[in-house]
């Protein structure tokens, strides 16, 4: 019996040691920062939310170039290192894209976004390998551009060898000037990777850095507590969830795309009738969907439009708002008014904004719903590359 207990405790220790933990910090989104300064994000960026998802999906297995979303509503970031010794960068761990990029020391002096962030210096790394392939991701009316380089990428205790990444020498628009993060680390499938670069997690898998080829997100929605969240590579942590995971298969291995059976606003409105496709996206704060359906949802919860595509409700009504439910894989996931309404302070006043926004993603990629942090904050989410599935459990 003693030997059995010893084996059990050894296995538990191995499981804990095998998990790579990356603390996540929550920051005020770019949209909120711009709004606080009296600027309209849409005016400054001349951008379209759907750019990232406006993709074609060819019959072949050739990589599909993606276009960068604007990250106006990204809220969580963590730290990685590039090079030897590691040069620190803060990045959005984004399940809605597949490339890693950071600003380059060789960026233009006129690139204000670059000047305000950490920059990769290949000359200070003993493991740098030159590549030089042109790297560009379309971004609104301009493009984020630079070239590929190869170096060691450090995430927590993991050192990923020979990781290709983009050194950005040009970052368009105001978004990245206001950003609290330096770059993006994409965690979606290789199919949407620009230049066919192997995503970081694919290299983690091929180099056998984790025991299980899964990663999971805990996103803390309480603004008054720390940490902001945690990304775990190699498994899940029961301290962040209750009950069991319910899994649903990935329907298209590009984004983390799944099938949603139906949605409902209380008993007064049905959405996604007959089923619909959705992306689980850690790099998006809100829940988005086809504008016609989202407009009906906003009406059902008594929300009225603001000038930036956002909707607001009377804060006094939040406790009595209808529950919004999502049926996925036969399992019902619910969000209460307190969970899908975002309370923000602007000019000393508290506003209650809807956590839903209309977004029309054209075919062949769309139409799509996007389950961002408003959803993931309530349901601890695991992304399983071994079984190509996504799992949800109630977050603590």
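Along the chain as shown, residues are numbered 1 onward.
Cβ atoms here come from the backbone N, Cα and C positions, even for glycine.
Cross-referencing 54, 249 with Swiss-Prot, the residue annotated as N-linked glycosylation site turns out to be 249.
Note on the active-site residues 94, 281: the fewest other CB atoms within 10 A surround the CB of 94. Distances between the Cα of residue 94 (active site) and those of the recorded positions 107, 281, 315, 352 are shortest for 281.
Comparing the glycosylation sites 131, 249 by how many other C-beta atoms lie within 10 angstroms of each C-beta, the top residue is 131. Around residue 315 (disulfide bond), the same-chain residues at least 6 positions away in sequence with a Cβ under 8 Å from its Cβ are 343, 350, 351, 352. Here the CA atom of residue 107 (disulfide bond) lies 17 Å from the CA atom of residue 131 (N-linked glycosylation site).
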